[in-house]
Amino acid sequence: VEKVIPGSAAEKAGLQKGDRIVKVGSQEIDVWHTFTSFVSNNPNVPLELSVDRAGHIISLSMTPEVRQQSGGRKVGFAGVELRIVPLADEYKIVQQYGPFSAMYQAGDKTWQLMRLTVSMIGKLIVGDVKINNLSGPISIAKGAGVSADSGLVYYLMFLALISVNLGIINLIPLPVLDGGHLLFLFIEKIKGGPVSERVQDFSYRIGAMILVLLMGLALFNDFSRF
């Protein structure tokens with residue numbers, strides 16, 4: 001366990017950072033997915049946990065919170081984050097590419113990140129992803145620190161992810177963003193004349209208000225997490 005969310009079912013059960021969950025009931029936990037499946041499939045059902053804490057096995061009882069997904073299905077939620085344990089060198093495989101193959105791989109990865117970003121924006125709009133998942137500069141700084149600790153390659157990948165995200169967001173047709181300017185140019189092309197200054201000024205004001213609200217919400221989410 002890397003982190004226990006305050007007020008969560010895990011905290012109420014007594015789980016702490018550094019604990020290792022070894023059993024749920026009589027089922028041994030050899031991979032994290034086994035634990036998350038138990039939790040997800042047993043909302044509001046008491047689970048008996050065997051936990052390794054500093055070499056001592058202790059028993060805890062945890063009742064997963066009930067969370068309702070967008071489709072109406074109810075799932076359990078514990079409120080813990082997994083600690084990523086680095087692989088030993090003998091389990092690592094290093095794959096290297098030539099210049100042209102590397103360019104292709106970079107382009108393919110960028111395209112995947114673009115699709116993922118567009119998909120997440122769409123889910124935020126329709127409500128499939130909760131707005132409290134929106135992150136701001138504090139979360140970005142934390143992510144940068146974690147990726148930097150993992151190595152240069154991970155740090156550069158994180159920077160690429162942020163760059164792609166900002167690029168896609170900048171193309172949203174919202175006044176004050178580049179996407180808004182493109183929208184005005186598109187309208188101008190259709191109507192054969194520029195959008196009136198009054199309409200543009202009003203649109204910029206609305207766009208700026210929306211941006212400020214989103215930035216404020218992202219900062220609020222950041223502060224509520226830390």
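One-based numbering along the chain as shown.
Each Cβ is built from the backbone N, Cα and C atoms, and glycine gets one as well.
Per Swiss-Prot, the features are:
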{"type": "DOMAIN", "residues": "1-56", "note": "domain 'PDZ'"}
{"type": "TRANSMEM", "residues": "152-174", "note": "transmembrane segment"}
{"type": "TRANSMEM", "residues": "202-221", "note": "transmembrane segment"}
Beyond the flanks of the transmembrane segment (202-221) by 6 or more, those residues with Cβ under 8 Å of it: 131-139, 174-177, 180
Local confidence of the domain 'PDZ' (1-56) - pLDDT mean: 88
